[in-house]
Amino acid sequence: MSTASNSQTPNSTMAKTKELSKDTRKRIVDLYQTGKSESTIGKQLGVKKSTVGAIIRKWKAYKTTDNLPRSGAPRKISSRGVKMIMRTVSKNPRTTRGDLVNDLQRAGTTVTKVTISNTLQRQGIKSCSARRVPLLKPVHVQARLKFAREHMDDTAEDWENVMWSDETKVELFGINSTRCVWRKKNTELHPKNTIPTVKHGGGNIMLWGCISAKGTGRLIRVKDRMNGAMYREILSQNLLPSVRALKMKRGWVFQHDNDPKHTARATKEWLRKKHLKVLEWPSQSPDLNPKENLWRELKVHVARRQPQNITALERICMEEWAKIPATVCANLVKTYSNRLTSVIANKGYVTKY
């Protein structure tokens, strides 16, 4: 039984036509300019007459045979629709892609979540993880503005005479969990390419430290739950020695936040008896304390050394603290007025610092 009528040759009409080379397109134009017909050119070069005609028409219209930029598929969302979703995300940045899909659906446009993402990216908007910042109530916002305005005229020398203090918690394996590694295929379980983890984070330590524009003061580990009495003991044994070691000028100012231990009556009385001038501080304002920037830097350096237990964590914290150059502290304090400017510009809300 013959099957010839059902067979397909390799040169099936479904095959994609191969694009002509740049040299062939140029030869077509050259032959056309010598007076040869499209049919003759096609036979001579082994190219279809219709293709020759298309090359010649493009050359006549654009004086080139190169491929022209393609306009691409039309946008699925109209300019009006783009304005609508831009207004929505500007008003509520937490709007989901699904919400925007539904909004457009009600307006008569059906699109996917991917289209929403692409459209917003073309407008310079991309999805990012929301940063965690202190909760600011109206009273906090007003206090921050008041602080910034009252100190805008303070000089760099004024800020150089401030001793900044703070406490922080350093987690074992805390920052390491987000690190990336360069590795070859199928080596993901090699010890060098893994991050050790334990249940509940592996523990942490609490640190207290202080700095001034002249460098770092003392850093200590707070081993027990801190109360007012312990805090005053820390100040007695570490703040005043740090002041002497850094040779702070007469009339230096002490900064600490509004933690209840710091603002307790007994603590205020202790500070008064020591004749210490305390900087009035707005609550919920870690971005105004250059010490916070130093904490972040310290934690990054500690994480790189991958301490495996609490003892090693404490030791490495102390070692890395001792390595911090005085110039780092000086630069943080030197630009302090920029923080105040940012607070005012942000109308009292959290700044990039």
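Every residue number used here counts from 1 along the chain in the order it is shown.
Even glycines carry a Cβ here, placed using N, Cα and C.
Keep in mind that TrEMBL annotations are predicted by a computer and have not been checked by a curator.
Check TrEMBL against the ranges 1-22, 177-198, 265-286 and you find region 'Disordered' recorded for 1-22. Model confidence over the domain 'Sleeping Beauty transposase HTH' (14-65) is summarised by a mean pLDDT of 86.
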